[in-house]
């Protein structure tokens, strides 16, 4: 009951969200805070349709996009929608790890003239896989200032992948968790083919210690409005480890 009450309060907090992009059923854009927007795109993985979430920030210099739409068929529709809504172009793109639902748009955004970024670790993985890479790379942690907006990229440790990072917007107290943070309605850890499950718990604790005053967490997939996602991720890791022990 306590968790249900918490979810009801959180749901009420999201009732004022503005939704855009409904003309394309595979792209949904929702205003979260001031100039910060959550965008959700849909794609199919192993026969099941999933939602992928990320954010973009509108600054006085242009638009900063974290990650990318999931599937290149959505790239142009996405940037067209941004320009239609805000009258600004994408000037920066940052990938939070090497998978296509995060780094898949690096080449597209680069061709638009945006500065593209990833960590050196992500860049190394993309190079080995012969995939398009960011123009600029950085070590695991980096602070950015774009016009009137500041944000921070933080590497908490291994989890969903070796290279997963999160992005923190301090003014809005919004954490973009990417795929290291599971949605509150996730039934399991999802794709773990490149995961480090035994390191994942500590990495989540590192996030909690680094950003103790988070107001909103945007999970990488499915329902991002359920703000129990951090604790739920820890629960899912524990459940997985217990099942592994029981099967050995």
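Every residue gets a Cβ built from N, Cα and C, even glycine.
In the three-state DSSP reading, residue 97 (Zn(2+) 1 binding site) counts as coil. Listed in sequence order, 103, 122, 160, 161, 163, 164, 165, 178, 179 are the same-chain residues six or more apart from residue 97 (Zn(2+) 1 binding site) with CB atoms under 8 A from its CB. Feature annotation from Swiss-Prot assigns Zn(2+) 1 binding site to 97, 99, 160; the stated evidence is similarity to another entry.
For residue 221 (Zn(2+) 2 binding site), applying a Cβ distance below 8 Å and a minimum sequence separation of six or more within one chain yields 50, 51, 52, 53, 179, 182, 183, 186, 190. Here Swiss-Prot flags 101, 179, 221 as Zn(2+) 2 binding site, drawing on similarity to another entry.
Residues annotated as substrate binding site in Swiss-Prot, with similarity to another entry given as evidence: 182.
Positions annotated as signal peptide by Swiss-Prot, on the basis of similarity to another entry: 1-21.
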Using the structure shown, find which entry in 99, 160, 182 (the binding-site residues) has the sparsest Cβ neighbourhood within 10 Å.
99
Shell of the Zn(2+) 1 site beyond 97, 99, 160, same chain only (C-beta within 8 angstroms of their C-beta centre):
96, 98, 101, 102, 161, 163, 164, 178, 179, 180, 194, 220
